[in-house]
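Read the structure below first, then the notes.
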């Protein structure tokens, strides 16, 4: 280190000459030489530097840069450097072209089948049998108009055209989705900045603007954006596992290993480096180039294999690429990482497994549901074709006794092709291949909108996961507080000052220790700069806590910069950088007489324990006994902490010149025997909006826990101010040590049972390390206390928070205070570091789930009706009332347009009124099932009435049993038109899935929805009135259109009728059918009242009086139920009372088979609640998510009272009884 300081001084003389020579001649080092140098490691690199350049300063000279003042920042010079050494940009993988996306969309099996059938139909339609054989070949319409009989080709052509439309829309969707993701990626890249020195000024520039010759400042937590050589370093340790696979941190120093490589993480320390290679010429870029070239060759070789795997892997690769590219790392780096060895494998396995994680819970559920429905659809379509073929053969050759004529064979084949097309049509509608599509659309929409709410989403699935969040482990500083720190109290000079005093009271030596200790023992990157505008606040650069300590020096009329100029960073002998584990920072100075002095600062309790002396009022050091320390803790530190202040102790120690030099690597022996200078209290005011956000979380069933490194009293005070803690509540506040003592056994191993006893009541974990945070997060996730697995979100800003951020279901990194390592490990970056943004993320997550449920409710209704109509119509009339082209149009409405309309609904505050859905919540709630079956019933009645009697009602010709190639009939056109309009109006019904009556509420807030509904209606008019034969439609009169609209609007009125049917009534009837009449009539009435209260509270605030009536009735019912508790318990003890048919109905058919816990497709949980095996488990969430009281209290009371569970303190039942 001493040599380094000397080098700096020597170099100072040539600094000015370099500035002048900055643009003269070429650089003294070539790009190839730099690349060759950076490929060497440790001693080899050091030897090469010494032999070829003398030292790192020689390299600086060759690169025409100053190690102290950096580049001058001249635009022409920067451009020349980019031209010679390249730009710091690694080009991403080329996006798929629109034609490639079209080709992928064409791979859909059902579309391929339809294309083949359409081509066969098209070919055969041009064959005409001899005139005389027409009668012998069966009913083939020749038509009265000229050319009428020759229009058979139109259906085949129209099917092909429709397939082209579907393919183009699908490809456009994929293209726009990819474009959105790339926009997000570029946004994240723009957010990435790095600190460099240019023209002697420390500035932050975008990573892409860094060029060779820049002097970059590296610090704890940074992700290095380019290759470089160390100029000066303090205790610098790098994690190079991303490049080498070695898990051990590599110590960097000028005399051992000075090379710093791009894509690696700074785990400890700080320093400066000269940038030597950027972009594709850096080590990361070289690997990317190799992988990119290899990848292209592989693509050419394995194109066929890849095509088969495309569907499975596309989304995963895209998400993985996005995740990697966001961090400035090449997309193709991932395979190399996961193939390397070492402990780094575990991290990389996590990343390599990301694609599995990216296929989110919801997407997985939808895919399974689509497969199951698809199987049913395949069966239905096969049966349809078989019935049609048999019907034709029996009718033609058995009943009519026609002979098989060779010349009629093409006609018969045309019939069979027609039947086949009908079967495929049933399959096309039945198979909801677009079911996972709304997830992608909704997530993409949400991700873009969440940016406006200060949530930068890195991993798509995190958006949906947050909707299920049950616990949030939040940092205190910056998240719950404003991170605007200032020293407001101090214990110094043996006095407790409630405000920072004038400099006069201090003895000169105390002031000297204070000024020097703070100036050199804070990172030199932490500065307080003058305000940009006159009268404004000073600008704070660097660490907020350190800037808070620098502030009082200015108040004391002392200039820390003078001290730093006198003792430059290069002159610091040894630095023990701040770590969340040690919770302190220490700096060693070497004096001119050969003695050493160490300054320490850190958490007051930790530093005070290492203090053996304290500076007295007259400035002399006196003995500091344990009881003196206890007095300071009680009289100074605890009062400060109880006011929410962070307490920091400042201390020093001298090492005399005559003694042997200490072993500096043995930190424990160095940082002890200190002399206390002062204890300061730093105020970090709480964010005023956080209390309301936490209230929303609690109402939404989310537990908020503070996990901080601060003093327990400080943490408790802030938690109380924010509303996390309430006086008189039975919650835990623990310190890290106490937490570990409680959860570990004698061998020091963590016991899950012990964690399960603590976490439900834990609200504050203070003086915690990142390991404690990881342990808590893992413990909550692995907990089996509740029936549903807990979904945990965690915030983090430090490098060591990485494991906790990765382990959590939703990892939030701080955008302002967070390190690059924390950001890389996170799922979402909070660009404003504010807790309220997490609550918005929860709201968006729940909105995704609701959007998918809306789409599901809509699509399944269409599926049920279309399949039954096509199947039954084909069997009865030997033809499908809905033609293939019409079905494709319906399919387009169902899949793509409805996805866009329903998956882009903006969220509302009401989403935070219910409990989390839980990972195992069925996709289809009872309310949704009621709506699906109810609307399907209405639509089927209307369609079949029109099908069988429509011609009499409208006084038109019947379209049933029409011959082959017959012109379109008005009859079937009306059926098609009314069917589509019913779907269109039902799309409005589908906007509400919790039984709300006002389906139009907020409809105009969603411009996309309004545009799609109106657009679909206009296209339907065009199809019916002008498309004619291609869509098998005949023009309709105004009266017929009015009837169509009236019957379509009937779904809205029918929806109101369905809403009046209580879901609880349906549940009760279902239980009667299953033979489980255990529910008291009073309880059933109570459930109805609760349902009414839900609607009243949600929609008509003036009916709040119902709450009071309802609560009175609930109180009465609780007493009644309590009275019958024991008798109910006896009744439940007999498992034989459950019939085998009930077990059969409630298990296999309603479950999705998977390695995960069984997730029923339909919410059938309430029918099982009475099972003795579930007597002691908490019931699943109510389908109605918009009412907190119902979910947390009333429903639980009914079920738990029946089950004879005791209302333990802290349980939902206990809290309800207490509130009543």
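The backbone N, Cα and C atoms fix where each Cβ goes, glycine too.
Residues annotated as N-acetylglycine in Swiss-Prot: 2. Annotation source Swiss-Prot lists phosphoserine at 8, 17, 338, 1140, 1155, 1177, 1178, 1182. Annotation source Swiss-Prot lists phosphothreonine at 1116, 1165. Residues annotated as region 'Disordered' in Swiss-Prot: 297-356, 1160-1220. Annotated region 'Required for basolateral membrane targeting' per Swiss-Prot: 1118-1220, in sequence order. Residues annotated as topological domain 'Cytoplasmic' in Swiss-Prot, with a curator's inference given as evidence: 2-105, 176-366, 440-855, 904-927, 992-1005, 1061-1220. Annotation source Swiss-Prot lists transmembrane segment at 106-126, 155-175, 367-386, 419-439, 856-876, 883-903, 928-948, 972-991, 1006-1027, 1040-1060.
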Taken over the topological domain 'Cytoplasmic' (176-366), the model's mean pLDDT: 68
The transmembrane segment (972-991) and the transmembrane segment (419-439) contact flag, 3+ Cβ pairs under 8 angstroms: no
Best-contacting stretch, by C-beta pairs under 8 Å, relative to the transmembrane segment (883-903) and drawn from 155-175, 419-439, 1006-1027: 419-439
CB contact flag for the transmembrane segment (419-439) and the transmembrane segment (928-948), at least three pairs under 8 A: no
Secondary structure tally of the topological domain 'Cytoplasmic' (992-1005) (DSSP, helix then strand then coil): 3 helix, 0 strand, 11 coil
